[in-house]
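Colleague: Before anything else, here's the structure in question.
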């Protein structure tokens with residue numbers, strides 16, 4: 001995406017950029033892999049698609065309406081042709097001031113749009129003055145005398161009438177250059193005809209642009225939301241002044257400061273309006289973070305605790321000092337957090353040891369900015385987010401989309417870091433905004449969504465209001481299937497609640513891009529086949545959508561994220577995995593082993609929700625591990641948190657005999673870190689966690705290399721053990737490290753976790769229903785360790801044993817024939833005698 005000339009978009013950021021700093025890499029933020037403008041823009045509708053697809057200017061311009069003759073004559077005469085008597089008469093009423101753009105050197109030189117902040121402020125003052133005059137005096141009517149006087153002046157001038165009108169006024173759009181002398185003063189001042197002013201896009205300076213009715217300038221299409229006729233910056237002030245306030249439901253309380261007006265829409269276009277814009281870089285930013293607690297209308301008994309890695313109690317910090325940025329941190333209401341967590345833990349159906357526990361849970365941080373252009377995002381904002389999280393996260397992947405400007409970052413980091421972010425979010429947000437050279441300083445008001453916490457950072461900290469929004473936020477219950485083969489079309493089913501609302505939009509993000517897809521709702525009374533299975537689902541309580549993605553990259557593997565957005569805000573996110581064909585086939589078997597079958601609920605949607613929750617943490621960790629890291633992430637490959645994640649995954653796979661997936665993980669480890677680097681590590685003096693990591697890698701390679709022998713041993717173990725070992729550990733139960741790898745138990749995973757100091761359980765990413773609890777595997781589906789069964793003979797001993805068994809069977813058969821059928825001995829011996837005599841004679 002090309003940056004605007006001169007880098008003007010980043011100049012108003014509060015002086016955070018030094019003069020000697022090199023030019024930012026505009027096209028690379030958080031490894032977005034930006035190829036063109038379409039990669040960052042979602043399919044907003046047929047209108048916007050048509051704009052970008054058809055560059056022909058003539059097809060985009062509507063037919064030009066002809067101006068009325070009376071108005072044309074009156075406007076053509078202009079104020080310059082009024083006689084002194086008419087000017088004296090008009091002095092009694094307010095006379096419109098001359099547009100300052102007519103004396104702007106940038107504007108007269110043809111640099112449109114011109115970047116003059118002082119001119120914009122003067123134009124805004126004129127607009128406010130015009131509106132105030134209209135409200136006080138009502139609709140003004142043009143005096144008849146003015147028209148007659150103008151006409152008389154024009155007629156009286158005779159041949160010299162051209163001296164009172166502009167010599168030549170044409171539209172500024174190349175290829176149009178329509179005569180605008182007969183149009184109203186607005187169009188003459190801005191040098192634009194009616195067709196170009198109402199066109200969806202025109203070609204100006206080699207770029208498709210659209211005319212902004214508020215600015216009087218042409219902007220690039222990215223500065224507009226959907227089919228709006230005003231740019232985002234002007235639309236915020238315009239809507240604050242012209243729109244009526246919404247109803248009491250979903251708005252801020254009446255005592256909120258008049259400078260801002262928040263609607264109930266947590267993510268729609270333009271719900272945050274600024275009235276007073278003051279972007280002087282010398283002024284210290286005064287902000288406030290108001291408490292916004294979401295009371296979501298969820299199904300009865302829904303478990304909000306499982307929606308994100310953290311859910312802390314609300315904490316308020318009020319500071320009215322004008323020299324510092326003030327905040328008040330709040331957390332979304334987690335109704336019955338401790339009770340629900342206790343109930344879930346004590347449930348006989350929920351066995352935490354039978355599920356995968358991630359050492360680095362994945363969460364979501366979203367920034368909603370209002371005065372940013374996606375093309376102007378600097379690369380160093382990635383480093384600023386890293387510093388904000390106090391420690392380098394294990395994984396970080398970001399996505400940008402319009403709608404103001406929304407930056408969504410999916411972060412995987414250790415549990416203790418999520419706890420720290422939850423306990424002290426207010427101060428961390430404060431440090432993010434007020435950090436030296438902060439790119440968010442001076443950018444006005446914006447939102448920050450940290451998992452289920454929503455922060456409103458305002459520009460003026462004079463008023464602090466705590467508000468409780470009564471909204472029904474969208475909720476995704478499950479996505480089926482949860483993994484797809486790379487390079488193949490993706491067809492999935494999405495089930496949720498409160499999804500089909502105004503401004504509905506489905507989002508599928510993968511590898512730094514939002515994937516273009518088709519989404520349609522399947523009516524509740526319809527019966528459809530689930531993808532990948534012949535199971536029929538008939539659901540009348542939940543909303544079901546079908547998402548189809550026709551193309552995907554063949555050589556790109558990793559996690560993808562499914563979200564839904566509507567007028568009530570952004571839903572929870574559900575991860576899916578894009579991998580190789582071999583990995584997808586193995587995940588199907590692992591899914592059956594982890595979940596098995598459950599008779600707890602007869603509802604198909606509830607049953608699929610139960611099955612998916614056991615796989616979410618496992619899937620997203622595999623996705624991060626097989627994903628090719630960026631250049632900035634190579635320096636973090638051997639960090640403590642990253643090594644612990646590799647150990648956690650290999651330990652789980654070894655304990656449960658998932659050898660095929662273990663082979664994929666080992667190959668991915670060799671490709672990412674490199675076998676040469678691993679061999680060099682073994683020669684040096686290492687820390688305990690690195691030693692443990694190398695021990696698991698060695699054990700995993702031995703198991704993969706001896707897989708044929710290991711598979712035969714496992715088949716014998718499963719057949720001989722059956723149900724005769726009731727005391728054997730179930731699937732996923734931890735066994736001592738010395739038994740599985742032969743290393744000392746003092747280097748166990750949890751003993752090396754110096755940061756947290758205790759076992760970390762992976763909180764689920766989605767907000768599950770109460771019945772969405774991990775189910776037991778069937779008792780017959782046991783994956784036993786080789787150490788649990790006695791040693792079985794192998795190699796040469798097996799061949800000798802087989803030969804002995806065959807010879808014994810032949811001898812027994814011969815003895816039975818001689819004893820019980822003596823008259824048959826001659827019949828059976830005749831062929832043998834002939835065969836032996838034939839061989840002897842030859």
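Backbone N, Cα and C atoms are what each Cβ position is placed from, and that goes for glycine too.
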Colleague: Per Swiss-Prot, which of 196, 231 sits in the Zn(2+) 2 site along with 212, 215, 219?
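Modeller: That Zn(2+) 2 site, as Swiss-Prot gives it, pairs 212, 215, 219 with 231.
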Colleague: Name the residue range among 24-52, 111-139, 140-168 that Swiss-Prot annotates as region 'Disordered'.
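Modeller: In Swiss-Prot, the region 'Disordered' feature sits at 140-168.
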Colleague: Of 92-108, 177-193, 228-244, which span is tagged motif 'Bipartite nuclear localization signal' by Swiss-Prot?
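Modeller: Of 92-108, 177-193, 228-244, Swiss-Prot gives motif 'Bipartite nuclear localization signal' for 228-244.
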Colleague: Using a 10 Å radius around each Cβ and all protein chains in view, which of these binding-site residues has the most neighbours: 171, 193, 196, 212, 215?
Modeller: 196
Colleague: Taking the motif 'Bipartite nuclear localization signal' (228-244) alone, what is its mean pLDDT?
Modeller: 69
Colleague: Test of understanding: give the count of other CB atoms lying within 10 angstroms of the CB of residue 219 (Zn(2+) 2 binding site).
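Modeller: A 10 Å sphere around the Cβ of residue 219 (Zn(2+) 2 binding site) contains 21 other Cβ atoms.
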Colleague: Name, in the order they occur in the sequence, the residues of the same chain whose CB lies under 8 A from the CB of residue 231 (Zn(2+) 2 binding site) and which sit 6 or more residues away.
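Modeller: In sequence order, the residues whose Cβ lies under 8 Å from that of residue 231 (Zn(2+) 2 binding site) (at least 6 apart) are 212, 214, 215, 219, 223, 224.
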Colleague: In three-state terms from DSSP, label residue 196 (Zn(2+) 1 binding site) for me.
Modeller: helix
Colleague: Enter the number of other CB atoms within 10 angstroms of the CB of residue 176 (Zn(2+) 1 binding site).
Modeller: 21
